[in-house]
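The following features are taken from Swiss-Prot:
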type	residues	note
TRANSMEM	33-53	transmembrane segment
TRANSMEM	77-97	transmembrane segment
TRANSMEM	103-123	transmembrane segment
TRANSMEM	148-168	transmembrane segment
TRANSMEM	183-203	transmembrane segment
TRANSMEM	206-226	transmembrane segment
TRANSMEM	262-282	transmembrane segment
TRANSMEM	303-323	transmembrane segment
TRANSMEM	355-375	transmembrane segment
TRANSMEM	428-448	transmembrane segment
TRANSMEM	464-484	transmembrane segment
TRANSMEM	493-513	transmembrane segment
Amino acid sequence: MKRVLTALAATLPFAANAADAISGAVERQPTNWQAIIMFLIFVVFTLGITYWASKRVRSRSDYYTAGGNITGFQNGLAIAGDYMSAASFLGISALVFTSGYDGLIYSLGFLVGWPIILFLIAERLRNLGRYTFADVASYRLKQGPIRILSACGSLVVVALYLIAQMVGAGKLIELLFGLNYHIAVVLVGVLMMMYVLFGGMLATTWVQIIKAVLLLFGASFMAFMVMKHVGFSFNNLFSEAMAVHPKGVDIMKPGGLVKDPISALSLGLGLMFGTAGLPHILMRFFTVSDAREARKSVFYATGFMGYFYILTFIIGFGAIMLVGANPEYKDAAGHLIGGNNMAAVHLANAVGGNLFLGFISAVAFATILAVVAGLTLAGASAVSHDLFANVFKKGATEREELRVSKITVLILGVIAIILGVLFENQNIAFMVGLAFAIAASCNFPIILLSMYWSKLTTRGTMLGGWLGLITAVVLMILGPTIWVQILGHEKAIFPYEYPALFSISVAFLGIWFFSATDNSAEGARERELFRAQFIRSQTGFGVEQGRAH
């Protein structure tokens, strides 16, 4: 059990980010014209969709939630497209390529947060909210303070995630396309701004759907060709892989990648609860018409992602067999050309030739675009809807709110490009871990307790939420990744790499203690309002649906 927990928990560094899979040194490849042409086709097609979407974005609801008219199936595909990343595809298959069986536990670890979203969050979130999760958190609590806290939690997560994605995008494109790093970062930033600025959630949704379909098709074809090579026998697949892998039979043994059980548990909790607190994922539940469609979204998304992560396992073992044993894909020193993260890309060449290699490379780039578009829209909505329209200028018109949102998109895009260039040679892997830790320590406790705990008050939410956020940031800075590796100190003050176990505990305890000891009249009123909130969260009575949403 300890081994399984350890391996499962260690998935966090690979979770939903392109940067972490390729955060080390990369070796620039020759210009891949097939990949560039296929990617240009994707860009032209998606820009056409953005133009089509821009003609249909007439209101705030259209911009933030595509009018609430996305079906459960479409939204499930879009969620999968938002969550399945280049790290999932390249990083996990590379992990299987080097470590074998552990990669399966890693693949399954990606799904561990989704049952929480399905059973605890999706239905109530849709019934209580309109555009952002702050709508839910502030439903019966004080609007101003809660929205500021929720927006800060969202923006910090989005900023960290976005920087990691931009750096990852630059390195990935350097690997796959042979393009200059700076050109790659600017290209991703400009396309991201165009999708969100003109097409809003409708364009973002269709970019994510198209990317998910392309990625699932590409991975399915690769897995099919691998299985065809071994006569559709898993026994043959594993036997041939063990025969050519340097570790031999040891690649079928689990565990051993994370030694410390406290770190393992902390990572696992960060991944599980962090997924349920990611603002760009939560925002997708407002794009459907009702709670039933929200539940269907999670059901379909989990199915698509589960299928995809099983494919990455087959692809990893296929790479051991068809790439690892082929000197054509090795350099003079005997290492894989471009590094181990190129294992899946080389396999694409091995099973489908140059044309399919170009297709897979283009899909990897499309993967990053889909993720950053969702992040940018989530960040913009936190500023325009939560802060501008509900805190700083109450009663702002829809037109004013949309103008602020689009200005925020431009600012976020420019900042992302600048920081992507500045962080080119920095260790940015910790940013994703910190983003998940903050989502788990600030956003998740607030969402969960606001929907389920009748005694929650504004005072408890504010003090506990800020404590969780600050604890996550401080412990991350004092931990070995930043304190030792980046700042150069000899020994870390906080001994564990990821802080989620401790910061989540601080957040929940803080919210409970300061709410339980809140004897104010305001606190009593907020507790009384829970009954009405509970009825709406269960029945959906009064929820705006579809185009009226």
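Yeah, the Cβs are placed from backbone N, Cα and C, and that goes for glycine too.
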Note: vs the transmembrane segment (206-226), the recorded stretch with the largest number of Cβ pairs under 8 Å from 33-53, 148-168, 303-323 is 303-323
Hey, would you say the transmembrane segment (148-168) packs against the transmembrane segment (464-484), going by three or more CB pairs under 8 A that are 6+ residues apart? yes
Region pair the transmembrane segment (428-448) / the transmembrane segment (303-323), three or more CB pairs under 8 Å: no
Give the one range among 33-53, 262-282, 303-323, 493-513 whose Cβ atoms make the most pairs under 8 Å with those of the transmembrane segment (183-203). 33-53
